[in-house]
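In what follows, a single structure is set out as structure tokens and then discussed.
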Amino acid sequence: MEQKPSTLDPLSEPEDTRWLDGKRKRKSSQCLVKSSMSGYIPSYLDKDEQCVVCGDKATGYHYRCITCAGCKGFFRRTIQKNLHPTYSCKYDGCCVIDKITRNQCQLCRFKKCISVGMAMDLVLYDSKRVAKRKLIEENRERRRKEEMIKSLQHRPNPSAEEWELIHVVTEAHRSTNAQGSHWKQKRKFLPEDIGQSPMASMPDGDKVDLEAFSEFTKIITPAITRVVDFAKKLPMFSELPCEDQIILLKGCCMEIMSLRAAVRYDPEGGTLTLSGEMAVKREQLKNGGLRVVSDAIFDLGKSLSAFNLDDTEVALLQAVLLMSSDRTGLICVEKIEKCQETYLLAFEHYINYRKHNIPHFWPKLLMKVTDLRMIRACHASRFLHMKVECPTELFPPLFLEV
């Protein structure tokens, strides 16, 4: 008995009908795209889905049909350049089109494209394609900005406890930061002739203007004292053993003093204001003994000027520098680490509250901690050279301690 083909058997239908009437499977894959050895495959395609024109591996939904990249390009070029009227067939338009024969007859290939449903009206000419791409890019940029604004709106602001901590840290900074917000009006400029004539030779070949060095050492003791006072006003710091307090202060003192100088960078005059009172130029600070450290602090000042930090942000950054659990010799490492995490979290939430316009503001600001660490390391190396050559009486005792 002859077996009739089942109507449910897709092989019993004509090839073109199967491609036209068959429903496309759309899988909810775990990732947005499927990758294979042959390249990019959109998530809505089956792994081995074939081009409805030639049977080659399909790459996507092109001009209303699932096709390969080759047939997509052939169809687009044919329409854009109006080539189809010039096509002809040697075999009365009866060629079978597959991935082997598709390049042998342009007319039959084009007829196959039309018969399976590829839409001529969807092909854009060059000017329209450029306009479409521009529109896509504009929409993408708009969505990116909207998502960024949305993410900023959903970032947490400080809690009530964090606001209390932020207030304490800010007041500690303001009460120990010389001249406060009036530093520009109260600063005094180091005379031009000081720091311009290097005199004493150093072991590494550099020279130091001892007059400039002497001026700097006059303000170093009160600057260190203010950093110590700042630390003592922080409740978490005062709860630590005295041994740990000393180690933390020695570790952060140069970092905090450098930060306080850097945020008082004046781009118009090209000066830094040290200890809130002495405005110096780059060359003066260099010749006064700091050399490469001078460049690092000035460069930090220039970069920080774009951040427009307020007193609270400077204060919290100082607290983060102070509570560094990686200082050598600490006893209560875990406690100090938790203290720093508390400051960091309050700091991050305050940054969210401030809503800065600089992209990636928070991670960029944290990178300044690394810069300040490098300044401290350079200063320590420089100080060893200076101790050898400069008279010991020029160094204040407290400066020698830290």
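Every residue, even glycine, has its Cβ placed from backbone N, Cα and C.
Annotated region 'Modulating' per Swiss-Prot: 1-50, in sequence order. Annotation comment: Swiss-Prot describes 1-22 as region 'Disordered'. Taken from Swiss-Prot, the feature phosphoserine applies to S12, S28, supported by similarity to another entry. Look at Swiss-Prot and you will find C51, C54, C68, C71 tagged as Zn(2+) 1 binding site, backed by similarity to another entry. What Swiss-Prot records for 51-71, 89-113 is zinc finger, and it gives sequence analysis as the kind of evidence. The DNA-binding region annotation in Swiss-Prot covers 51-125 and is backed by sequence analysis. Swiss-Prot lists C89, C95, C105, C108 with the feature Zn(2+) 2 binding site. The domain 'NR LBD' feature in Swiss-Prot is assigned to 161-402. Here Swiss-Prot flags R226, S275 as 3,3',5-triiodo-L-thyronine binding site, drawing on similarity to another entry.
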Sorted by sequence, non-C89, C95, C105, C108 residues with Cβ within 8 Å of centre, Zn(2+) 2: K90, Y91, G93, C94, I97, Q104, Q106, L107, R109, K111
Candidates C51, C54, S275 (binding-site residues) - the one closest to C108 (Zn(2+) 2 binding site) by CA: C54
DSSP three-state assignment (helix, strand or coil) for C71 (Zn(2+) 1 binding site): helix
Close in space, distant in sequence - C71 (Zn(2+) 1 binding site), Cβ under 8 Å, 6 or more apart: C51, V53, C54, D56, H62, R102, R109, C113
From binding-site residues C68, R226, S275, the one whose Cα lies nearest C89 (Zn(2+) 2 binding site): C68
Other C-beta atoms that fall within 10 angstroms of the C-beta of R226 (3,3',5-triiodo-L-thyronine binding site): 20
Neighbour count (Cβ, 10 Å) for C51 (Zn(2+) 1 binding site): 25
Shell of the Zn(2+) 1 site beyond C51, C54, C68, C71, same chain only (C-beta within 8 angstroms of their C-beta centre): Q50, V52, V53, G55, D56, A58, T67, A69, G70, K72, K99, R102
The one of C68, C89, C95 whose CB sees the fewest other CB atoms within 10 Å, among these binding-site residues: C89
